[in-house]
Amino acid sequence: MERYEVIKDIGSGNFGVAKLVRDVRTKELFAVKFIERGQKIDENVQREIMNHRSLRHPNIVRFKEVVLTPTHLAIVMEYAAGGELFERICSAGRFSEDEARFFFQQLISGVSYCHSMQICHRDLKLENTLLDGSIAPRLKICDFGYSKSSLLHSQPKSTVGTPAYIAPEVLARKEYDGKVADVWSCGVTLYVMLVGAYPFEDPDEPRNFRKTITRILSVQYMVPDYVRVSMECRHLLSRIFVANPEQRITIPEIKNHPWFLKNLPIEMTDEYQMSVQMNDINTPSQGLEEIMAIIQEARKPGDGSKFSGQIPGLGSMELDDVDTDDIDVEDSGDFVCAL
């Protein structure tokens, strides 16, 4: 890590801590996720690194490299100076339909690319969507800890993700198509941007996890009367929030939906993005063998020293062992800041 100087903490989570660093030579800023060596370097960490490394798209936080310190595995990635999309909604209360569409178009563009690379995210949520520092912010998907590649891993079965964003078929604990489940999570994100609340949580009992699950399974949601949403947008939501995954709208169909296509920036079109990707010859700085060797070494315990700090965006959990009849689990986070 001699190549980087730490500027400040930018948060902490279940994984460890995140810090803002500067490349001593180039003066470039990066975010670094520090994960304690030893038991915490599990298959999720390896999956996150391997999947993230393969993705190169303007709406995905770019992976740079992994570095081993005496105490931690450090994942170096692009720094998104604009913070979380979640924080922006908290400040605004909710977005206008045009602003929501602007960010949704970028979200779908990034997710579509992930799926084209045979990777489903499985934990799409506002806290995992960051913004760069520009005036018209570019959305950046991050956190691939729960992602699965159909090229490297089996079809998803485990119930992972954040309760408010989980698709009905994921709750059923059977094998499901992670790409189709991602569509549902994108719909939840769109709804939250428009309304400033989660679609399937009871506003009077936002922490009643059992009720949230019941509402998800029965697709029980509504757009409040005080929120002005066009019929085209309502139609798109109704096509996303479909319990049967085989009948749910797909990402390619979303990209052809009239509401999505309105005011679509040229850089969001498939043709433009294809040309950008063909011209992106900037290959990852590390080979697979080097990365795997670093991960293997990181599984050996370090000297045990710890960092401190706070990071937003908690709330993901493994739900395989949860009994939905006897649930005492916190929800994904109340919208105390909105409305």
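Cβ from N, Cα, C; glycine included.
The following features are taken from Swiss-Prot:
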DOMAIN    4-260  domain 'Protein kinase'
BINDING   Ile10, Gly11, Ser12, Gly13, Asn14, Phe15, Gly16, Val17, Ala18, Lys33  ATP binding site
ACT_SITE  Asp123  active site, proton acceptor
REGION    253-339  region 'C-terminal'
(request) Could you tell me which of these binding-site residues, Ile10, Ala18, has the fewest other Cβ atoms within 10 Å of its Cβ? (result) Ile10
(message) Validating a neighbour-count step here. Other CB atoms within 10 A of the CB of Ser12 (ATP binding site): how many?
(response) 19
(request) Find the average pLDDT over the domain 'Protein kinase' (4-260) in the predicted model and report it. (result) 86
(request) Please report the number of other Cβ atoms within 10 Å of the Cβ of Gly16 (ATP binding site). (result) 21
